[in-house]
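In what follows, a structure is listed as structure tokens, so that the remarks can point back to it.
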Amino acid sequence: MSTNHIGGQEKAAILAEALPYIRSFAGKTVVVKYGGNAMTDPALKEGFARDVVMLKLVGINPVVVHGGGPQINDLLSRVGKQGEFIQGMRVTDAETMDIVEMVLGGLVNKEIVSLINKHGGRAVGLTGKDGGMIKASKMFLKGATQEDLVDIGQVGEVAEIDPELVALLDTADFIPVIAPVGVGENGEAYNINADLVAGKLAETLNAEKLILMTNTPGVLDKSGNLLTGLTPAKIDALVEDGTLSGGMLPKISSALDAARAGVPSVHIIDGRVKHALLLEILTDVGVGTMIRAK
Ligand SMILES: Nc1ncnc2c1ncn2[C@@H]1O[C@H](COP(=O)(O)OP(=O)(O)O)[C@@H](O)[C@H]1O
Ligand SMILES: CC(=O)N[C@@H](CCC(=O)OP(=O)(O)O)C(=O)O
């Protein structure tokens, strides 16, 4: 048997392995959060776009929510400002908000839209302002005491998501690509952490899966080992002993909220692995950390 022949058989086996997954996810919605840290390598970005197109073509409805933290930091430093984060949230004054909106709604959103379209998909880029889709309210962080609230500026939490626009796009076979900018009562922009938007969107759309793609193999313990499954009790312990910090805090909290709200499968996966999305959705290969409701 030639090596080519074996390669062919293996390739066919991998394709065939996808069938039960395609059957069970066809017609279902998968919310994919594409983190700014997973977006740095051009080849990986192309791979991500191809995976999204492929999911759509096999009948799954991918909805992309993207971040762009490092990309915002780049533009901030070009105008002489330094990004500052508290509990994984960017301190956002008025000037920073302008830059956040420009980078997320402009540069990053349109780059992802273009890449998906280049590979044969029909992506439509939106921010939460479009159609009044993501209503935001001002977020305060918890301070040192129960009563102590920390004001970090124009940072929002999701008050409400109107699912109609996304549903409309899905029905017409477009792929929604959403930047995490929300709109306040007076039309003002709010900077919302992309993990929070993705989690709430998965819940509102009754998604089958929420996949948070980041730049680590998943959630790691103190020795750097991958934790493949996490329960609420385990998560509490990891927050308490400081194993989870920075950007992992909003990620884990929105993952847990989504699982508790009934999203059947919630995963934090490594966006630096080529075709991580296809591996997670269409194969038996377990990647990353699964977050369970109990
Ligand atoms: N226990 C942990 N396991 C993995 N990553 C962690 C952990 N605690 C903190 N982190 C940090 O969280 C980061 C991911 O969050 P973030 O930087 O916001 O990425 P993204 O842009 O993908 O949302 C990781 O790069 C890592 O530095
Ligand atoms: C409030 C807040 O922190 N907003 C984030 C929004 C972008 C984001 O979430 O990007 P990543 O997914 O790449 O981290 C920020 O300004 O960086």
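Going from the start of the chain as shown, residues are counted 1 onward.
Cβ coordinates are placed from backbone N, Cα and C, and glycine is handled just like the others.
Per TrEMBL, substrate is bound by GLY68, GLY69, ARG90; the candidate from ASN186, ASN191, ASN206 named for the same site is ASN191. Not a single one of the recorded positions among LYS33, GLY68, ARG90, ASN191 has a C-beta coming within less than 6 Å of an atom of ligand 1.
Taking the binding-site residues GLY68, GLY69 in turn, the residue surrounded by the fewest other Cβ atoms inside 10 Å of its Cβ turns out to be GLY69.
With a cut-off of under 6 Å between the Cβ and any atom of ligand 2, the recorded positions GLY68, GLY69, ARG90, ASN191, LYS251 reduce to GLY68, GLY69, ARG90, ASN191.
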